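Student: Taken from TrEMBL, the feature active site applies to Asp129, Asp142. What TrEMBL lists as transmembrane segment is 12-30, 72-90, 97-113, 133-158.
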Amino acid sequence: MTENTVARRPRTRVAVFACVALVALVLDRITKNMALASLNTDHDISVIPGLLSLRLLHNPGASLGMGSSTTWLISLLAIVASIALLVAGVMTTDKRWAICLGLAFGGAVGNLIDRVMYATGFLDGRVVDFLNYGWSVGNVADIWLMVAGIGLVLLIVLSVPFRPTREGAADTAPHAYDKTEAR
């Protein structure tokens, strides 16, 4: 492996993160625009009877409608989370982490855009939801966030390193438990 190949890898992971985030964000925006153009809040359109219908809803809260009285706090947390996801997405050198972080970033930014676009005051905007599951109404950004969350948990449980060491790189740093130096 050449030095140039090793130098390109972090950029490749950033490109993966950016592409996944962009696709997630674009699909979220397209579906929300379609929902705004063709759905209303008065009635549901059944897609899969008893499981899924379409209904336009402007959600001031977070997932499952929680926190509707603290929209400004949810918006602030969404800003902080988006920044943290961006930093993590740029820092990781593992493609699997980049994909999950890209999905999470795309979903978080998709909902954050709604909170900014549909605000009437300081950080009090509402998110466009339209996928009615019967027990919750959400959107495509929420799906990305859920899939990313499951993926991130799996990466952690499976001990997939966030920044794996380079292939073939020898660990030359001495360890406190290494007894060979004491001889």
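Heads up, the Cβ atoms here are built off N, Cα and C, so glycines get one too.
Thinking about packing and proximity, how do these listed features fit into the structure?
Tutor: For Asp129 (active site), other Cβ atoms within 10 Å of its Cβ number 22. In the three-state DSSP assignment, the secondary structure recorded for Asp129 (active site) is strand.
Beyond its flanks by at least six residues, the transmembrane segment (12-30) meets 89-90, 92-95, 97-99, 101-103, 105-107, 109-111, 113, 139-141, 144 of its own chain at Cβ-Cβ distances under 8 Å.
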Student: Using DSSP reduced to three states, classify Asp142 (active site) as helix, strand or coil.
Tutor: helix
Student: Provide the number of Cβ atoms within 10 Å of the Cβ of Asp142 (active site), excluding the reference atom itself.
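Tutor: Asp142 (active site) is surrounded by 22 other Cβ atoms within 10 Å.
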